[in-house]
Amino acid sequence: MSDIALTVSILALVAVVGLFIGNVKFRGIGLGIGGVLFGGIIVGHFVSQAGMTLSSDMLHVIQEFGLILFVYTIGIQVGPGFFASLRVSGLRLNLFAVLIVIIGGLVTAILHKLFDIPLPVVLGIFSGAVTNTPALGAGQQILRDLGTPMEMVDQMGMSYAMAYPFGICGILFTMWMLRVIFRVNVETEAQQHESSRTNGGALIRTINIRVENPNLHDLAIKDVPILNGDKIICSRLKREETLKVPSPDTIIQLGDLLHLVGQPADLHNAQLVIGQEVDTSLSTKGTDLRVERVVVTNENVLGKRIRDLHFKERYDVVISRLNRAGVELVASGDISLQFGDILNLVGRPSAIDAVANVLGNAQQKLQQVQMLPVFIGIGLGVLLGSIPVFVPGFPAALKLGLAGGPLIMALILGRIGSIGKLYWFMPPSANLALRELGIVLFLSVVGLKSGGDFVNTLVNGEGLSWIGYGALITAVPLITVGILARMLAKMNYLTMCGMLAGSMTDPPALAFANNLHPTSGAAALSYATVYPLVMFLRIITPQLLAVLFWSIG
């Protein structure tokens, strides 16, 4: 058997063994995709014992390409919500998550200096302790750029594997410990979170208002500033028993009922100007109007603003709201449409059908993957990651590398959505498949390279001390920030658990947090809020630590 055939066969065996290990769960908790790393270590141990020779060049290419696939698909997935997560609504959560990253870096630096841990080993421990695989890839690349011998670079994968299990268990222990310390009632926390969401300013809500202001009588909607702006959509108007879709030229009369969509603060301002909220239903049932959700798939409307499509004027149809990557938005006229946007349309059936034809509404297109944008994005990401940034006094130029470059480029392209007929939307199933393939390839190679010396290091070497160092890097930041968030910021417990899981980019921890109260979305929401920024910082941190440690000796 040729070296290439043998290498591919061994990698397939590693994937099978590793995925099996990852699927084994104890009380609902398992290693997940991290099992592939240990599958690689097991197979790598026996490969080393048998004296087999694998193609090192091929392993290196597979490892790097797997990492690129993984981080690129993550960026495409979270890109649409990344910049929104940095705004005020998620600022507090992101600050606490960043604090966890900073404290983890400080603990790593202290351990490195106190115990004189070799640089590749301490970076591997750091990456494993925070259960972040792209950090491992970024650290290995910067070490190679600094001229570290390959046998030392491979030690990083071994120390990563030592620290990884407690990285997963440590965050679960922290959640449990904080629950005990603060005597948390999970049901109460879930109710408080739901109440805050209802009263908060981030959700899109609807209300029905009666026109009671005599100054508005006989005015057109376009002449009422609060109704003609971008913060509120008036999607229905009821006069006596007639329900209609209002256009900008529709005349308002006293006693009219308006169905408004917007954020709570803006709707409150509308009440002050127009009139009081009423309980009267403005449902389309029993009328010639209907409400329908339509998905944007027509390439000809991508990038166009809603106001430029003139749906109100041409079809008497109102877009009441827009869902983009799971986030509900007010469908203001200045929003540019992206592939996969889901629009709520209100109008007559024939008019809605006409608008749906303009927008595309081809569900099958959502399952198709445009491969050209994928490779354009990967290519641009690799180029971005290869740009050196020279910092005075540093022995090597800083680079985003093959982990950071594709991630940043994917975040940008995911936010842009489309350029001409090229769109970077990727069906969730396709995104997940590419992401899992990438991480399996990467971890398989890392495990194989570490497996030869793993058992000897654990039994006869410094493996146990590495595990202890990793436990400190995991536990100290999580416990410190968890206590601060609860005591000083009075953060909701479920929200805090999601933030802690997101700060470690740890899906098993998110699964545990979600199971604390299965019907509450608090943990998932905070996890998604901090995940993009933390993923970026986790990739950059080992590079900064490597250069700093290297420069100060």
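In case you wondered, yes, glycine gets a Cβ from its N, Cα and C as well.
Summarising the annotation, Swiss-Prot assigns domain 'RCK C-terminal 1' to 191-276. Taken from Swiss-Prot, the feature domain 'RCK C-terminal 2' covers 279-361, and the record attributes it to sequence analysis. According to Swiss-Prot, the feature transmembrane segment maps to 4-24, 28-48, 65-85, 95-115, 158-178, 371-391, 393-413, 439-459, 464-484, 493-513, 533-553.
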Quiz item: Are the transmembrane segment (95-115) and the transmembrane segment (439-459) near each other by the rule of at least 3 C-beta pairs under 8 angstroms (pairs 6 or more apart)?
Solution: no
Exercise. Go through the chain and flag residues at least 6 beyond the ends of the transmembrane segment (533-553) whose CB is under 8 A from any CB in it; none is fine as an answer.
Key: 71, 74, 78, 82, 85-86, 94, 97-98, 100-101, 104-105, 108-109, 112, 119, 122-123, 126-127, 130, 132, 134-136, 138-139, 141-143, 146, 391, 393-396, 398-401, 403-404, 407-408, 411, 502-503, 505
Exercise. Using Cβ atoms only, state whether the transmembrane segment (158-178) and the transmembrane segment (4-24) have three or more pairs under 8 Å that are 6 or more apart in sequence.
Key: no
Exercise. Please indicate, using numbers and ranges, the residues of the same chain that are 6 or more beyond the transmembrane segment (4-24) and have a C-beta under 8 Å from a C-beta there.
Key: 30-40, 42-44, 47, 52, 54-55, 58-59, 62, 440-441, 443-445, 447-448
Quiz item: Same chain, outside the transmembrane segment (493-513) by at least 6, Cβ under 8 Å from its Cβ: which residues?
Solution: 28-33, 93, 96-97, 100-101, 130-132, 167-168, 171-172, 174-175, 178-179, 182, 184, 186, 189-190, 193, 474, 477-478, 481-482, 485-486, 520, 522-531, 534-535, 538
Quiz item: Excluding the flanking five residues on each side, which residues at least 6 beyond the ends of the transmembrane segment (464-484) place their CB within less than 8 Å of a CB in that stretch?
Solution: 96, 99-101, 103-104, 107-108, 111, 115, 117, 121-122, 125-126, 128-130, 159, 162-164, 166-167, 170-171, 173-174, 177-178, 181, 458, 496, 500, 503-504
